[in-house]
Amino acid sequence: TWQVWAIYMVLAPSLSEEQALKQACPSCDATQLCNCSSMGLDFIPPGLTGKITTLNLAHNRIQHIRSQDLQQAVNLRVLLLQSNKISSIDKDSFCSLGKLQLLDLSNNSLAHLSPEWFEHLFSLQHLHLQGNSYRDLGKSSPFSSLRNLSSLYLGNPWFSTIRQGNFEGIELLDKLWIDGGRLSQYSPGSLKSIKKINHMIISIKITNVFSPIVRDLLYSVIWLEVRDIKLEIEKKSLVQNSTLPFKIQKLTFKDASFTDQYISLLIILLKEITSLQELEAIDCVLEGKGKWDVEAIASSGQSFVERVSIINVMIQSFYLFFDLDGMESQINKLKRLTIASSKVFMVPCKLARSFSLLMYLDLHDNLLVNNRLNETICEDAWPSLQTLNLSQNSLKSLKQIAYIVTRLHKLINLDISQNNFGEIPDVCEWPKTLKYLNLSSTQIPKLTTCIPPTLEVLDVSANNLKEFGLQLPFLKELYLAKNHLKTLPGAAPIPNLVAMSVRRNKLNGFSREEFESFRKMELLDALRGVPVGAVYLSLMECHKSLMVSLLCALVVLAMLILAAIGYKYHAVWYLRMTWAWLQAKRKPKRAPLKDICYDAFVSYSEHDSDWVENIMVRELEQACPPFRLCLHKRDFVPGKWIVDNIIDSIEKSHKTLFVLSEHFVQSEWCKYELDFSHFRLFDENNDAVILVLLEPIQSKAIPKRFCKLRRIMNTKTYLEWPLEEEQQDMFWENLKGALKS
C-alpha cells in the first residue's frame, strides 16, 4: 500500500494542476492550442505542459509573470500576452522557452526592458513591445541574444530616447516599427549596427531627429516609412559625410504635414540620396498652393526617383493650386505616377508633355471631366504611356474619351470603370495598340462596334447588358459578371477566348455543347463566383430532368398513399361532413312554422326499408289523424344534392325519427342525418329527435365515428320494437305520443 500512496503523492499535484488549468481555461484540454484570452485571469494558470505550442493569454488582468509560470511549457512557439496589466517579469520567466518564435508583450505596463528576459529566446523571430510605459531601452541592448529576430515593434507615447548600443546584436530585420511620438533624443549611429532592414516604420513628431535617423538608415533600410511628422525647414544635408553606395530605395510619408517651403527643400535634399527610386505620400496634408521654389529645384540637378504615389493628399485650396510651371526637368525620369483620391481635375498640357518616360499613370478617384481630360491628354503628352487608369472620375462621353486617348500612341491598358457613360455610340476611334479595356460599372445598356476589335481583355461587369454578340477575334479574357445575360455568349465571334466570368447573371445553365464550343477555354467562372473546376454540383443540379421526374413520381405516390389512408380512416367522409355542416350553419336555425311540411323525417337504412315502408308508414300515415312522414325515396327533390335534401327535410320536419339497427350504423347517409339532427337538437335546445331501436345493437358494433349516436342513446330514452304482437300496440301508442309532443 505504501507504493500506491507514494505514486499518489507524486501524481496528485500534477492532477490538481491539470484540473486547475482546465477550470481556468477549458480550451487547453488535450490540445496544442490554448486560448485563454478575455477570461478575466489575474495570473498565468498552472498546469501548462510541454504539449502546448500556442498560448493566448491576451486581454486579461495579469500583472506579474513568475519564474515557474511557464517552466513546463518547453515546446511553446507562440506566446500572446498583449493587453494585460503586466508591470513586472521575473528575470528567468522565459528561460525554458528556447523554441519560442513569437512573443507579444504589447499594451502592458512595463516601465523598463531587461536583457535577462530575452537571453534564452534563441529561436525568437517576432517581438512586440509597443504600447508600454518605458521611456528608453536602457543603457545597453535588450536584444543582444536575439540572433534570429525578424520583426521588432517598439515604442509608446512616452518613448523619448534612443542610445548608441540599444540595437547591438541585431543584424537583419524584415520589419522594425518604432512608435516615437515623443522621441526627442537620438544618439547618431544608434541604428547603424543593424546591417539590413527591409521595412522600417517610425512615428516621429519632433523634426530635429528626422535627419540623423535618415543618415543612419541610408546603408541599411530598403523601405523607410515616416509617420505623423510635421516637417519644418531644416537645411542640413541628409547625407552629411556619407559615402556611396546607399541602400534606401523607397521613402513613404504617412499622416504627415508639409508646407510649400519644405516641399521645395525636401525635393532638393532627396536628390542627394542617389539610391532612392520611389516616393509615397499617403493621407498627408499640404499646407500650400504649390508655390514651390522651382528655380532652386531645377538648379539642384535631376532626380533619380522613378516611381511616385500620392494617395489621399488633402490640399485645402486645391482649386488655387499652381500649374507647377518650371518643374518639367524634374519629372522626365519618372516611369510610374499615381495621384489618387486627391481632387485632381487636370494636368497642364506643358507639364504632361514632360513625362517623357512615364509608362504608368493612375488618376483614379479624382475630379476629371471630359473637357479637362482633353487638356490633360493633349497632343504629344505622355509619349511613352502604356497603362492609364481614369476610374472613379466624372467622365461622361465614351466617344470623346476614345478620341482623346488616340493621342497615346503606345497605350495598351485603359481603365475607365466607375464613370457614368450611360450610352455607348455605334462607332469609336481607339488607339490601335489597345489590348485591355475596363468598362465595368459604367451604366452602359448594350455593346456596339464602338468596342475596339484589337482587345485581348474586356471587362464589362456590373452593367445592364442583356446579350453579348461582338466580333472580337483576339479576345482572351471576358468579364461579364453582374449583368442580365440569360445565355452564354456565342463562341464563334470570340474563338480565342481562354477565360470568362458570367457569374451573377440571369443564366440558369448551359449545355455541354455550348461549353465545348469554346475550344480554348481554360477557366469559366459561372457559379456563384467559383471556377467550374472547383464546384461540387448536387445530384439535382446535374440531372435536373431526372430529378423532376422522380419528384413527380414521389408526389403521385404520396397522393396515392394519402388517398388510401383517407379511405381507410374516412377522411373524405369527414371533409364532406365539414362542408355540409358549414352549409347548414349558414341557414336559419329553425324554419318558420308555415314552412313545416312534415311531422317527422324518417332516417333509416335501406336494409330496413321493408319494415319502415310497409309497417311503420302504413300504421302512422293511416292513423286518425294521419301523420305526415318524409321519406327519402318518396319525398326528396330529384336532381338536388342529397346532402341539401337531407338538410332541407330535417328543417321542414317537426321531428326526426331514427330507425336504429345494425345496418343503420353502417350507413354513411344515416350518419349525416344523425349529425344534422344533432346540430338542431343542441342549437335549438329542444327535443326534436326520436330513436326507435329496431333490433338490439351491441356498443362495440357502433363505429367510432358514430360518437354522437352513443351520446344520444346515453342521454335520451328510446323506443324498442317488440317482437311480441301483444306489445306492439303499446309501441305504436308511445311513438304517436312522441310525434305529437
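Just so you know, glycine gets a Cβ as well, placed from its N, Cα and C.
Quick caveat, the model's predicted, so the values are computed rather than measured.
For Cys28-Cys34 (among others), the entry in TrEMBL reads disulfide bond.
Other Cβ atoms within 10 Å of the Cβ of Cys378 (disulfide bond), summed over all protein chains shown, number 17. For Cys349-Cys378 (among others), the entry in TrEMBL reads disulfide bond.
Proximity of Cys450 (disulfide bond) to non-local residues of its own chain (separation of 6 or more, Cβ distance below 8 Å) is seen for Leu398, Lys399, Ala402, Ile424, Pro425, Asp426, Val427, Cys428, given in sequence order. The annotation disulfide bond is assigned in TrEMBL to Cys428-Cys450 (among others).
According to TrEMBL, the feature domain 'TIR' maps to 596-739.
The feature signal peptide is assigned by TrEMBL to 1-16.
The transmembrane segment feature in TrEMBL is assigned to 546-567.
Rounded to a whole number, the C-alpha distance linking Cys378 (disulfide bond) with Cys34 (disulfide bond) is 64 angstrom.
Minimal Cβ crowding within 10 Å, among the disulfide-bonded residues Cys28, Cys428, is found at Cys428. For the disulfide-bonded residues shown (Cys34, Cys349), fewest C-beta neighbours within 10 angstroms: Cys349. Note: the CA-CA distance between Cys34 (disulfide bond) and Cys349 (disulfide bond) rounds to 63 Å. Cα to Cα, Cys28 (disulfide bond) and Cys349 (disulfide bond) are separated by 67 Å.
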